[in-house]
Amino acid sequence: MEKDITDEIVMSDPSPTSTPTPTPLEKKNPLETITPVSANSSLTALDRGVEGQSAGEPTTLVVAFAPNDPENPHNWSKIKKLLIILAATLASTNSGFGSALCSNLSPLLALEWNFPTPGPQTILPTSVYLIGFIFGPLICAPLSETYGRRPVLITGFSIFFLATLGCALSNSWALFLVMRLVAGTAGAPPISVGGGVVSDVFADKVMRGRMMMIWSASSFVGPLGAPILGGFLGRSKGWRWVFWFALMLAGVSFCAVAMMPETFHPKLLKIRAEKLNKQMEAEGKAKGVRYVAPVTGGGNADGEKMGVLRQLSITLSRPILLLCNELLLGLTCLYLAFVYAVFYMMLKIGGTIWSGTYHFSPGIAGVAFMTMGLGTILACFVIIWYDSYGPKFAARRPADRKSEYLRLPVACVGGPIFVISLLWLGWTSRQSIHWAVPLVATVPYGFAYHMIFTAMINYVTDAYSPLNFAASALAACGTTRSIAGALIPLAIDNMLAALGVAWAITVLAIVSAVLCLVPFTFIIYADAIRARSPCSRLGGLTAEDLGAESDEEEVEEEVEGERNGEDLEKGTGAALKRERTQKSQRTVRSHRSRMSRRSGMSRRSGRSILEMSGANEVGMGELTRSLSAL
């Protein structure tokens, strides 16, 4: 009679000497068998325990971080964490800088390639760059949750560097636009993956919120510097020198990114598992034991790799599935998309106001945009103050709304100020009013913009970080706002011609006034929104619990295997014994099945979840496949 195979969760202990005295492995609940194992020790207690087992009994050990593990990014030194955030912020600034690089170059580009101005082609270099931002996050963010952050960032930045070089050397309008599209696509990883990097290294919500504030400010400050460069350097040296300068900045950013370590936890655990397996093989103790990492997008925890098409279908569809199934994410994306589009429309509107109405030179008109940056700085101080007060404020609120009160009041303040600043700018931009009056209006605009973005992005990050889906959720936000930023500004010339500056901005303010109700809606109707969320209704299951079973048959096999356990122990047939041995190797699947039963998540309860989500026509297999993709 064969013994039950004991599944283990192995946490790597930073201090090998703390390993407890070895004891023979006993038949236990696998979720209660937690044995610390050092990544550096040559023979651990668990190894000696495995040696005590009879030959031929396979054991799969799932590696995890132990408390205070120095290899866990949450436990890295403050200096190391800050350097990582600095690298991510510099890369994101570079990508944002590239998006507005042509905003003050339209006359020079029109002179070079003979297209009419004003017209849609004046905004086309910016729009095609933002079209690249549409596809980049959908590809890069999910891949970063499969292969890690660092490979995606380095690959994207390498292509971005070459595409920027191609823009500087372009000899035709079509080639220039193609290079801008490639640059936008390759420049998307810092925008879509940077938020995931922040959540990787900071566990504390307050500190993570502050670092997210700094990182998200780069997406706003970066585009503000580009019009200044185009106004001064473009007029004195030519438009190609603007791209040569951008190439130098990209080189500096690439060096910072290249020195940044990997931060994605499942990737680090996979590296650790591979190291332990090689160590066991070198010491001749690999027979019957294998270390694996938790489930990631790249395969099962037991090391079985997915097919390429299957893997890509899961990773690349995850942001879209989240966007379509999560009301919280959908409303957030809608709000941020419009605010983002208004910003790129302001680059054109600002040029009309400063150069057209007040006759500023292109360089001085570019400097005028920097007053928005003053508002961003003020917003940072306000957010830091609220971070110290917010947890106390949230603690006095109902338990089911604490997360909303922790983040969203900042957006509730920023939304109305955003509307007021637009109306202020629109109705004071006339020759009869001094230029300083509309210029001052850009300060509260920058203040409100940053308050809205920081609050909503932090709220989304807090909601999906426990599932390791933060990068995919932020990718959905990045994609939708890039769609809006690429398409809506194409209409700004026609709006200004038909309505004038004042009424064109008023239309934007009215839409903003409606959308600024989104954070208020989250606070008031938090219960109803969570009730519609598939992730919320899963009762706090982790990412490991959401995705390994790919179809109904595998779930049924696990349940049936438990029912037949008594027959298997009696040895009723060699075929059943072999089946039991194969199933025992699927460690994570076994863990998930037991966790589901312990939490009441049986096949019947899974169907009830399906019915609650309004998708009755989809079978259990479809539900598990959707969760796997998520």
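Note that Cβ sites are derived from N, Cα and C of the backbone, with glycine treated the same way.
TrEMBL has this to say about the protein:
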type	residues	note
REGION	1-30	region 'Disordered'
TRANSMEM	82-101	transmembrane segment
DOMAIN	84-527	domain 'Major facilitator superfamily (MFS) profile'
TRANSMEM	121-140	transmembrane segment
TRANSMEM	152-175	transmembrane segment
TRANSMEM	214-235	transmembrane segment
TRANSMEM	241-260	transmembrane segment
TRANSMEM	320-343	transmembrane segment
TRANSMEM	363-386	transmembrane segment
TRANSMEM	406-427	transmembrane segment
TRANSMEM	433-457	transmembrane segment
TRANSMEM	498-526	transmembrane segment
COMPBIAS	546-560	compositional bias 'Acidic residues'
REGION	546-630	region 'Disordered'
COMPBIAS	561-582	compositional bias 'Basic and acidic residues'
COMPBIAS	586-606	compositional bias 'Basic residues'
Stretch of maximal Cβ-Cβ contact with the transmembrane segment (241-260) [cut-off: under 8 Å; candidates 214-235, 363-386, 433-457]: 214-235
Mean of the pLDDT scores, which run from 0 to 100, over the domain 'Major facilitator superfamily (MFS) profile' (84-527): 84
Same-chain residues at least 6 beyond the ends of the transmembrane segment (121-140) whose Cβ lies under 8 Å from its Cβ atoms: 98-103, 105-106, 109-110, 115, 152, 156, 176-177, 180-189, 191-193, 316, 319-320, 344, 347-348, 474-476, 478-479, 482-483, 485-487, 489-490, 492-493
Highest-contact recorded stretch vs the transmembrane segment (320-343), from 82-101, 214-235, 363-386, 406-427, 498-526, CB pairs under 8 Å: 498-526
